[in-house]
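Notes follow the structure.
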Amino acid sequence: MFKEAFKYYKAKWPPPDLNGVIDFEEPSKTNHESTLVELQDNVPGLHLSFPPIGLQPPQSWRCYALKSHPGILVIRNPFTVHGQRYWIARSLRDYPRAPNRINLNENLFASDAIKDWWNALQQCDDKDEARRLKISMRWATLGYHHDWDTKVYSETMHTPFPQDLSNLCQYIATVLGFADFEAQAAIVNFYPIGTTLSGHTDHSEPNQTAPLFSFSFGQTAVFLIGGTTREERPSALYLRSGDVLIMSQQSRLCYHAVPRVMKTQEEPWNNLPADDADEKLMKPERKKLRRDFEDNSNVCDMSLYRLVRDDSFWLPYMHYLNDSRININVRQVLPSGVKQLPLPPS
Ligand SMILES: O=C(O)CCC(=O)C(=O)O
């Protein structure tokens with residue numbers, strides 16, 4: 001069932017009928033009403049204030065659950081435009097650098113490693129070479145680095161997790177009632193249009209009860225969520241730029257995939273609002289918080305946050321996003337209260 005659905009939505013010709021894809025932008029469409037539950041009154045932390053810079057206040061979030069897939073939650077783009085730009089720039093400029101790992105450096109000697117992929121891409125004069133460099137970037141790992149061969153996390157492949165991303169997840173987790181969540185590992189997936197991610201479960205984490213947080217930016221994905229076996233029929237949903245998908249409880253270990261990344265009509269990362277919500281968030285009542293951010297520059301890179309407002313800085317990011325999607329997929333690895341993974345037997 002899962003494989004068939006994957007093939008159906010991946011197909012170039014004939015193109016799939018997308019009418020059955022659950023659309024959080026138009027929740028009242030067709031038969032989705034029976035599938036989608038708007039959660040507003042049941043979100044424990046909707047009253048919370050002081051979201052991290054770049055997030056709208058939770059009172060304005062639209063949160064959904066899927067009746068057919070208990071544990072799947074979706075927040076429809078809770079980011080401000082500059083918030084989206086910040087996370088896109090972090091994903092492209094910063095996360096593919098040491099100490100994080102990237103697919104391009106797998107199996108290379110350290111001396112041959114690409115140290116700064118985004119910069120190399122910007123410096124590349126040869127159009128074909130630049131295209132190759134762009135589309136060959138597929139993932140970066142942060143924190144506990146996913147070992148694609150053994151699928152086992154280890155302390156020897158562990159580097160500090162970015163504090164800003166941890167902070168973002170912690171806030172969203174608290175709003176949704178998962179206050180114990182600790183962000184410890186992430187995969188940043190890069191999807192040029194036409195690429196896919198086939199069906200799999202995420203079961204490498206010793207902690208499989210903590211939820212998984214998945215952030216989408218750029219072009220739109222068709223995302224499949226199934227059951228705990230490949231035999232169950234999956235549901236298809238659109239994940240658009242800014243959407244946050246949470247796999248919790250029964251859905252944490254369910255099969256999922258991205259069979260299609262498709263060009264979107266809307267480009268929320270480019271639509272600078274006439275009424276600058278971010279600017280308001282940085283005004284007097286936020287002064288103390290801003291001071292906290294600046295005191296601890298790790299929590300949010302304020303200089304990057306200012307830079308993404310500048311159109312000439314933003315231009316190369318806009319070009320990248322014209323035909324690509326980015327997904328930041330964050331997990332807790334350790335059981336609550338545990339400080340590190342057991343050492344392997346000697
Ligand atoms: O790109 C996505 O939305 C999903 C990514 C994913 O499933 C993964 O990294 O395990």
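Counting starts with 1 at the first residue shown.
Note that Cβ sites are derived from N, Cα and C of the backbone, with glycine treated the same way.
Binding site for Fe cation per TrEMBL: His200, Asp202, plus His256 from the candidate set His158, His256. Taking the binding-site residues His200, Asp202, His256 in turn and counting surrounding C-beta atoms within 10 angstroms, the largest count is reached at His256.
In three-state terms derived from DSSP, His200 (Fe cation binding site) belongs to an extended strand segment.
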